[in-house]
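**Student:** First the structure, which I've put down as structure tokens, then a few questions once you've had a look.
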Amino acid sequence: MLSQKTIDIVKSTAPILETHGVDITTYFYKTMFEAHPELLNIFNHANQSQGRQQTALANTVYAAAQYIDQLEVLLPTVKQIAQKHRSLTVKPEHYPIVGEYLLKAIKGVLGDAATDEIIGAWGEAYGVIAQVFIDIEKEMYVEAAEKSGGWEDFKEFIVEKKVTESSLITSFYLKAKDGVSVPWYLPGQYITVRLSIPGQKHLLNRQYSLSQAPGSDSFRISVKREADHNPQGKVSNYLHDRLNVGDTIEASAPAGDFYLEKGEQPVALISGGVGITPMMAMLGSIAENEPNRKTVFVHAARNKDAHAFGEEAAALVEKLNDGKIYIAYEAKKDESEVCDITGYVSRDFLQQVIESNSVCYICGPISFMRAVVSHLTVLGFSKNNIKYEFFGPALALEA
Ligand SMILES: Cc1cc2nc3c(=O)[nH]c(=O)nc-3n(C[C@H](O)[C@H](O)[C@H](O)COP(=O)(O)OP(=O)(O)OC[C@H]3O[C@@H](n4cnc5c(N)ncnc54)[C@H](O)[C@@H]3O)c2cc1C
Ligand code: HEM
């Protein structure tokens, strides 16, 4: 239990820390990785170098500080972060390290303004926040390990099939090396894959959504080659160019709180580009378990060449008694490319094809998700009926 004095200090200094938030977390990561380079085997270096992870952690620590006397308000956010922590094998022994360097960073950035009293109060508050994470993560590790076919940390998988799905996306079918069938998962969840790439000093971890409904004995992930920017994406290019049938890769058990909820409510699955992957698992699950559920599947791709799972999605929608599929191409290469919308998915279009009481699942590039979420909000969809997954640090969209 924190004293009222500690609570008052933390609450009154949280806004000051927030103004220096990114400076503090940037300082924090730099000094922490200097002292504990082994943690670079867990963190995503590309997210670090673009400042995305710093912002996500800073936002959460200051939000938590503001609610330090009613942490239950933050539980949904904590659970979402804890899912990612569990999939990356963040453990209780890591929390004191993060705490130590976070406090050193507050002192380092604020200097004398961070008195011993303030640092002491933040130390206590961090301990309370960390314990909430540790307790929730402990339950998640137990749940992952106790599931039929489950395991706690990482486990080895063999690539049993590699399939080109479009000019940019390739699927990998992963079968456990020990021969045990993969556990049941919720359609929409992801796994973290971990690999050692020649020439890279540290292990690389990346999340990939499972792109087929649960029930098979192996996982399928579908990876977009990130080749548009310099430097090119490390893991996606390695997987496309180097990882072949018979090769080994490590994966942690399925995680994530973006998943299809069963029910009577009509459902809209709206994706852009590689954001189609969790939607394929959801669509497959509806086709198998809820074929009478009213379903609209909207997918936006750059053009036909970049359009993955065209036939597979159409075949799944065929199995539904009340299913519709709409494809948008941003720019058709020529008139032989057939689609339902040329250009962006507009608000008018969404209004025409999606019933207003639908639950909408959205995944795609950030600009696509911002546009779709904003259209649905203007059309009167409630926050509860708009669910999305961002393929990067999750809090970025809200920020
Ligand atoms: C929950 C979740 C589910 C996901 N599901 C999928 C999925 O189903 N399919 C899929 O393909 N992806 C998915 N992703 C994304 C995936 O995890 C990887 O982020 C993606 O494959 C890119 O990884 P990479 O190693 O190839 O690129 P990285 O090396 O991580 O680089 C990412 C991007 O940043 C740029 N970059 C790298 N370093 C710098 C720098 N120093 N400065 C500026 N820019 C830089 C790169 O050019 C690239 O565009 C998911 C992510 C999450 C969080
Ligand atoms: C109370 C303390 C902590 C808070 C508030 C916190 C907060 C966060 C947040 C907000 C994210 C982004 C979530 C997302 O992408 O969906 C995140 C991700 C992550 N956290 Fe934590 N975290 C804490 C402790 C730790 C510890 C102790 C470790 C391990 C050393 C750790 C390792 C990671 C890693 C590796 C990621 C993913 C980063 C990436 O992909 O770049 N966190 N955390």
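Cβ atoms here come from the backbone N, Cα and C positions, even for glycine.
Caution: TrEMBL annotation is automatic and unverified by curators.
Look at TrEMBL and you will find Y95, E137 tagged as active site, charge relay system. Taken from TrEMBL, the feature heme b binding site covers H85. What TrEMBL lists as FAD binding site is Y190, R206, Q207, Y208, S209, F390, F391, G392, P393. Look at TrEMBL and you will find G273, V274, G275, I276, T277, P278 tagged as NADP(+) binding site. Residues or ranges marked as domain 'Globin' in TrEMBL: 1-138. Feature annotation from TrEMBL assigns domain 'FAD-binding FR-type' to 152-261. According to TrEMBL, the feature region 'Reductase' maps to 149-399. The feature site 'Involved in heme-bound ligand stabilization and O-O bond activation' is assigned by TrEMBL to Y29. Look at TrEMBL and you will find K84, E389 tagged as site 'Influences the redox potential of the prosthetic heme and FAD groups'.
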**Student:** What is the number of residues in the domain 'FAD-binding FR-type' (152-261) that are helix, strand and coil, as DSSP sees it?
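**Tutor:** Final tally across the stretch: 9 helix, 46 strand, 55 coil.
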**Student:** Please list the recorded positions from K84, G273, F391 whose Cβ falls under 6 Å of any atom in ligand 2.
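**Tutor:** Checking each Cβ against ligand 2, the ones under 6 Å are K84.
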**Student:** Tell me, which recorded positions from Y29, E137, Y190, E389 are within 10 Å of H85 (heme b binding site) if we use the C-alpha atoms?
**Tutor:** E137
**Student:** List the Cα distance (Å, whole number) between F391 (FAD binding site) and I276 (NADP(+) binding site).
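**Tutor:** It is 11 Å, counting Cα to Cα.
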**Student:** Other residues near the NADP(+) site, CB within 8 A of the CB centroid of G273, V274, G275, I276, T277, P278?
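**Tutor:** My list of surrounding residues reads S209, S211, S222, K224, S271, G272, M279, M280, C363, G364, F391.
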**Student:** Considering the binding-site residues Y190, F391, which residue's Cβ sits among the greatest number of other Cβ atoms within 10 Å?
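**Tutor:** Of the binding-site residues Y190, F391, the highest Cβ count within 10 Å belongs to Y190.
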**Student:** Could you tell me the C-alpha distance between K84 (site 'Influences the redox potential of the prosthetic heme and FAD groups') and G273 (NADP(+) binding site) in angstrom, no decimals?
**Tutor:** 23
**Student:** What are the DSSP helix, strand and coil residue counts for the domain 'Globin' (1-138)?
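**Tutor:** Counting residues by DSSP class gives 116 helix, 0 strand, 22 coil.
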**Student:** Please work out which residue of Q207, T277 has the most C-beta neighbours within 10 angstroms of its C-beta, and give that one of the binding-site residues.
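**Tutor:** Of the binding-site residues Q207, T277, the most buried by Cβ count within 10 Å is T277.
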**Student:** Look up F391 (FAD binding site) in the DSSP assignment and reduce it to helix, strand or coil.
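**Tutor:** Note: F391 (FAD binding site) is coil by DSSP, not helix or strand.
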**Student:** I need the most crowded of these recorded positions: Y29, Y95. Count other C-beta atoms within 10 angstroms of each C-beta and give me the top one.
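**Tutor:** Result of the Cβ crowding comparison: Y29.
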**Student:** Which ones in the same chain are close to G275 (NADP(+) binding site), with CB under 8 Å and 6+ residues apart in sequence?
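**Tutor:** Listed in sequence order, they are I362, C363, G364, P365, F368, M369, E389, F391.
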